[in-house]
């Protein structure tokens with residue numbers, strides 16, 4: 001039963017991703033690729049131009065919408081009278097999640113304004129692991145026994161707990177299914 005449910009959801013996800021691109025999206029991408037000013041547009045983006053605010057027009061730069069509290073806004077287009085108009089909007093599910101969660105709480109600053117990266121030694125700074133995704137990594141220590149002299153040594157590293165990894169994967173999958 002679990003496998004049939006899993007494969008059913010997987011089938012629906014693949015079907016959704018296959019049907020999500022319309023012919024209009026494909027022609028817009030082909031037109032953009034064939035434009036003469038393609039290189040100049042890339043150079044302009046690389047200069048670090050500002051993002052487009054919510055409810056402002058994004059017809060010329062569909063990937064330049066600003067980020068909300070947590071999620072990035074999407075450029076939604078509406079064709080009216082032969083002319084297309086695009087506006088940066090926040091997805092409904094993102095609005096609900098952001099209103100429920102509120103502002104992202106700031107984490108306390110670790111020692112020396114630096115945190116211990118993933119898989120690095122955290123034996124001396126067990127509470128200073130970096131943040132990975134939504135959650136902060138945890139310092140996990142293991143007792144290692146040396147084969148040659150039989151001594152036990154403690155090996156510590158910043159790792160992501162399985163529960164956190166599963167929650168992040170589920171949220172990513174849900175976001176992919178909805179949006």
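Backbone N, Cα and C atoms are what each Cβ position is placed from, and that goes for glycine too.
Here is what Swiss-Prot says about this protein:
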DISULFID  51-66  disulfide bond
DISULFID  58-75  disulfide bond
DISULFID  65-88  disulfide bond
DISULFID  77-86  disulfide bond
DISULFID  115-130  disulfide bond
DISULFID  122-139  disulfide bond
DISULFID  129-158  disulfide bond
DISULFID  141-156  disulfide bond
MOD_RES   178  valine amide
SIGNAL    1-20  signal peptide
Residue 141 (disulfide bond) versus residue 88 (disulfide bond) - Cα distance in angstrom: 46
Cα-proximity to residue 156 (disulfide bond), 10 Å cut-off, over recorded positions 66, 77, 86, 178: none
When distances run from the Cα of residue 139 (disulfide bond) to each of the disulfide-bonded residues 58, 86, 130, 158, the nearest one: 158
Fewest other Cβ within 10 angstroms of its own Cβ, chosen from the disulfide-bonded residues 122, 130, 158: 130
Cα proximity to residue 130 (disulfide bond), best match among disulfide-bonded residues 51, 58, 66, 75, 122: 122
Disulfide-bonded residues clustered about residue 58 (disulfide bond) [Cα within 10 Å; pool: 77, 86, 122, 129]: 77, 86
